[in-house]
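Engineer: This is the structure I have questions about; it appears just below.
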Amino acid sequence: MLNNKQLNYVIGIFAFFLFCSYIHPFHIHPYRNYYHDALTITALVFGIGFLSFSPKLTIQIPSAVFLPIGMIIIIALQTWNGFLLMPMDSFFPIVELFCFILAIIFGATLVRHLQGMEKLCFAFSCVFVVTSLLSVVFQHIQIAGLNAMPFVMPTNVNGIVSRLYANLAQPNLLALLMCFSLASVWWMYQSSRLNKSMAISIVMIVLWGLTLTQSRIAWIILPLFVLACWFHPRDCKLVDRHVLVFLLFLFALMVVFAPSFLSYVGYHSFETAAQRAGHNERLILWHQAWVMSLMHPWFGVGWLQFGQYQVALSPLFEPVGMSDYAHNFVLNLAAELGWPATLLIVASTVYWFYVSCLKYWRNVHIRYLSLMFCAVAVHSMVEFPLWNAYILIPFGVMVGAAHGSNLGGLQFGCVRSWIISFFVAALLAIGAVSWDYHRVVDGFQALYWEQMGSTKGKGGTDKPEFTLFPQFYDYFRIDKIKIYTGMPAQDITFLEKMSLSFGFPPVLERLALAYALNQRATEALQVMTANQRLNQNYYPKSYALWAKYAEQDPRNFSEIFKRMPKPDSANKPETESTSSKK
């Protein structure tokens, strides 16, 4: 067992790296969340590594780990049986699920110690509240258009102004963290770490930050939080219901009037509440996931294969932005894992929440964790927060803490040398993956200069003998394939594979061009229809380009161009689905 000081070190180092993962501004193409995820995994590794303060530690392994273990087995079987277009696509999901297992064990082990649950909740609350308050400051720096790098990520890139996201580069995930911070303020107030006036002041600041994210998940999460505070156990510190109503009404006013206010001060990239509520892209994504789940009801289309099937099936649906996820947790699981696994996962999750949280609702720490579980659940119905390690891992620690404190788990003795060995190996692995990732980053820079006709810049686009990111080197190869009449069939097959993995306009255009020049007009039309469905903003340029092709080479392009959908048309041409290419 750790003594009090050692326990503080373990939780403190975990909280420090977790805070760093939320606050840094570095987002590097192609995985813009890479350093958020890598630092969160580093937080977990350091937290586990510091457990070696104890010569012999008893690890608590809760039964909650069986769910991610089962998912790893399913994904491995899908990979083994060829469900994945690119088998390496399963590597990082399996790694993240393994880290999720470690996070559950880490959380369950911490709460075995005296005041372990309270210290962990305090660490989470400090991280979320400080992150949210700093993020509000960062949002105002972004509104002002100031160049504050390397401290604040700019929102104005190449003249395009995006939603305010502070340093997370994803407004909805920032909104989720701000909802966590609201739950944290409640916990701090309940545990007498904040007085009433300070708590209300922080909540008002965070509500303004939530408004600036333009995220609709807060429209559901905040009323749920109000209900949880409204109907509280008798031994709970009273939260004035008038204050709750006032704060909720204040947030509604902020949402309604923020666009006018920000427009007045010169910031115009802000949608009204009516505009935000009117978007229906997610309904199309859900419909696509539903169709995929019906096509493959037993075992799904394969993990992370939603995007590939979306490209293949896109001519059958209304236009919608390209996405790798269904933006709904249940439908995404159903599409990629099949309905039996999905129903088992959902049922076991609901049952776990009941026996681990609802049955112990009187415990203030469990109520705090439950509020954050509810926020994640709501967000998961419209997006994919748990597909990000910087959400998944703290979520796993919370799951382990809730399970371990109430239901216990298998006790397993672990000597210091095992923990130190894991710590060193994990840090080396993180360093190796980061080095490999930067080879890909350099490769994209080299690709840019190659397209400019220059050899300037470091890095190369040739695939190395070993890499954890082979799909990107395949992507680099696309431009190297020459498109001409009579080109090798294997080159066309390669372009077909790449178009499903990277459904970007240039990739789809090259495949359609290859089809057109090799007497496969029907397939060329299908690909250009998919381009119109997935890339509406870019499609007018594609349409204009093919108009030139039809004028220059009417024999190969004229008939295809006549049947291509107009840039402003969402009508479905009479074509067969390209899903047969799967």
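Here the Cβ of each residue, glycine as well, is placed from N, Cα and C on the backbone.
The annotation domain 'O-antigen ligase-related' is assigned in TrEMBL to 203-345. TrEMBL lists 369-551 with the feature domain 'Virulence factor membrane-bound polymerase C-terminal'. The annotation region 'Disordered' is assigned in TrEMBL to 560-582. The annotation transmembrane segment is assigned in TrEMBL to 7-28, 34-53, 65-85, 91-111, 120-144, 164-187, 199-222, 242-262, 283-306, 337-354, 417-435.
Give me the structural setting of these features: burial, nearby parts and distances.
Structural biologist: Remark: secondary structure over the domain 'O-antigen ligase-related' (203-345) totals 97 helix, 0 strand, 46 coil, with classes taken from DSSP.
Beyond its flanks by at least six residues, the transmembrane segment (7-28) meets 34-40, 42-44, 46-47, 50-51, 53, 106, 110, 113, 115-116, 119-120, 123-124, 126-127, 130-131, 134-135, 149-153, 167-169, 177, 390, 394, 397, 441 of its own chain at Cβ-Cβ distances under 8 Å.
Residues 93-94, 97-98, 100-101, 104-105, 299-305, 308, 337, 341, 344-345, 348-349, 352, 497, 500-501 of the same chain lie 6+ residues outside the transmembrane segment (65-85) yet bring a C-beta within less than 8 angstroms of a C-beta in it.
Residues 7, 10-11, 14, 37, 41, 44, 47-48, 51, 57-62, 64-65, 68-69, 71-72, 75-76, 117, 119-120, 303-304, 389, 392-405, 409, 468 of the same chain lie 6+ residues outside the transmembrane segment (91-111) yet bring a C-beta within less than 8 angstroms of a C-beta in it.
Sequence-distant contacts of the transmembrane segment (120-144) (same chain, six or more residues past either end, CB-CB distance under 8 Å): 11-12, 14-15, 18-19, 22-23, 107, 110-111, 152-155, 164-168, 174, 177-178, 180-181, 183-185, 187-188, 191, 193, 202, 205-206, 208-209, 212-213, 262, 265, 267, 365, 368-369, 394, 397-398, 401.
Beyond the transmembrane segment (164-187), the same-chain residues lying 6 or more positions past its ends with a Cβ under 8 Å from any Cβ of the stretch are 22-25, 27, 32-33, 36, 121, 124-126, 128-129, 131-136, 138-139, 142-143, 152-153, 155, 194, 199, 202-203, 206-207, 209-210, 212-215, 217-218, 221-222, 225, 229, 239, 364-365, 368, 371-372, 375-376, 379, 383, 385, 388, 391.
Long-range neighbours of the transmembrane segment (199-222) within the same chain, counting only residues 6 or more positions beyond its ends whose Cβ lies under 8 Å from a Cβ of the stretch, are 129, 132-133, 135-136, 139, 143, 163-166, 171-172, 174-176, 178-179, 181-182, 185-186, 188-189, 243, 247-248, 250-251, 254-255, 258, 270-271, 276-277, 374-375, 378-379, 382-383.
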Engineer: Taking the transmembrane segment (337-354) as reference, which of 34-53, 283-306, 417-435 has the most Cβ pairs under 8 angstroms?
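Structural biologist: Top-ranked stretch among 34-53, 283-306, 417-435: 283-306.
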Engineer: Six or more residues beyond either end and a Cβ under 8 Å away: which residues meet both conditions relative to the transmembrane segment (283-306)?
Structural biologist: 74-75, 78-79, 83-85, 89-90, 93, 313, 316-318, 320, 323-328, 331-342, 579
